[in-house]
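J.: Just passing along the structure, written as structure tokens.
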Ligand code: EPZ
């Protein structure tokens, strides 16, 4: 259904909000379960549309997937009914991760080409090259990737960039491969640790060295089922935290830990936010004036690229000149045009504020923000997930009533965002 969010700005957010399980972990854990014919149990799954797309993929492959109202996903793939799933009702970036598991179980595999947010070039060359090195023959078809492999073998894979998806793809493929795989310059996002924990629980032999960004995987002959809990969604945490600071409110998020939020907490504190670690969770609060800061996005443990959009809204409220240097995606500032229409002073250019990155001079990847600015309401169209959260937070602090369309993008990754913000005192309805 094509609905809108209608937001009357100006309310402070306060209260307690539970964050859901991570979208970018839960979906991968479902794919990991395909490596075994035994049942796995994945606790704390979020009710979001990206999970539904992964469920559809698994069911087409032959999995029985039962997700209970208390967020427990029972998933079993006794038999792979078909390893050929060239199409799904929607596109995201998960299906390519099923290549390894399907090749192990059937020797052939086909998955749809990738979708996901329009935030720049998002090639999958690192996934494909690594799987080819491990023995897969991969063919790009019109709308799919088709792969064959009699057997996958261990390899030494060195990534030029610590890609999250490519690291996950090699991990999944290497667990049952013949011999040892070493990944150098691996991504070390906490969601990957969640995946490694599941694979180890299934019987995989993995040594994950986060200091050297090296993963060593000794292939085993069989994996079994396991039980795993999805970690909290770090993007939800940042989104709610920024919404609290931007509205000069105070919110408490139970059952989260600072251990996986280092650069988020650091940035919020530098702006002048108050972050209190309590026994049961973390409280985020803040009051103007906020301080201007410079931020650079990067792979973990750096400041996540998925956090820059809410942060940009907060920086429109800070005193002075801030900057955000986006070094992960080459085109992730499209949403700033909307913030400018709402009264923000933001310019995006091709320069790098400090050390030149791989986008230097070629892509509009640095935002310069001058604050504080009074934002006013607007009609907004969401074109990608995290930009959608920037729109929502901007509308929460703007004067007047904003209407946001395209919220199916937001529903991909945030469960019932309107209801949960309303629970914190926001004037927001879905109509
Ligand atoms: C994951 O995307 C997340 N998606 C993204 O979250 C997140 O922004 C990103 O990791 C970085 O943290 C999921 O987990 C489903 P990458 P992924 O491979 O795996 C280049 C959100 O809003 N690259 O680390 O696709 C690529 O072009 C989303 O929830 C290659 O060049 O990210 C990009 O510049 C958006 N070749 C960079 O690496 C490749 O083969 C990072 O991509 C693969 C990647």
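Note: Cβ is positioned from N, Cα and C throughout, glycine not excepted.
Note that the structure is predicted; figures quoted are calculated from it, not measured.
Below are the features listed in TrEMBL for this protein:
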- 8-417: domain 'Enolpyruvate transferase' (DOMAIN)
- 23, 24: phosphoenolpyruvate binding site (BINDING)
- 93, 306, 328: UDP-N-acetyl-alpha-D-glucosamine binding site (BINDING)
- 117: active site, proton donor (ACT_SITE)
- 117: 2-(S-cysteinyl)pyruvic acid O-phosphothioketal (MOD_RES)
J.: Restricting to the chain of residue 24 (phosphoenolpyruvate binding site) and a gap of 6 or more, list residues whose Cβ falls under 8 Å of its Cβ, or answer none.
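T.: Those within reach of residue 24 (phosphoenolpyruvate binding site), by Cβ under 8 Å and sequence separation of 6 or more, are 164, 189, 191, 233, 235.
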J.: Rank the binding-site residues 23, 93 by the number of other Cβ atoms within 10 Å of each Cβ and report the first-ranked residue.
T.: 23
J.: Around residue 328 (UDP-N-acetyl-alpha-D-glucosamine binding site), which residues of its chain at least 6 apart sit with Cβ under 8 Å of its Cβ?
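T.: When sequence neighbours closer than 6 are ignored, residue 328 (UDP-N-acetyl-alpha-D-glucosamine binding site) has 297, 298, 299, 305 within Cβ distance under 8 Å.
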J.: For the domain 'Enolpyruvate transferase' (8-417), what is the mean per-residue pLDDT, to the nearest integer?
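T.: Taking every residue of the domain 'Enolpyruvate transferase' (8-417) together, the mean pLDDT is 96.
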J.: Could you state the CA-to-CA distance between residue 306 (UDP-N-acetyl-alpha-D-glucosamine binding site) and residue 23 (phosphoenolpyruvate binding site) to the nearest Å?
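T.: Here the two Cα atoms lie 12 Å apart.
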J.: In whole Å, how far does the CA atom of residue 23 (phosphoenolpyruvate binding site) lie from that of residue 93 (UDP-N-acetyl-alpha-D-glucosamine binding site)?
T.: 12
J.: Measure between the Cα atoms of every pair in 93, 306, 328, the residues the record assigns to UDP-N-acetyl-alpha-D-glucosamine, and report the largest value in Å, rounded to a whole number.
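T.: Output for UDP-N-acetyl-alpha-D-glucosamine binders 93, 306, 328: max Cα distance 16 Å.
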J.: If you draw a 10 Å sphere on the Cβ of residue 306 (UDP-N-acetyl-alpha-D-glucosamine binding site), how many other Cβ atoms land inside?
T.: 24
J.: Helix, strand or coil by DSSP: which one applies to residue 93 (UDP-N-acetyl-alpha-D-glucosamine binding site)?
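T.: Where residue 93 (UDP-N-acetyl-alpha-D-glucosamine binding site) sits, the three-state DSSP reduction gives coil.
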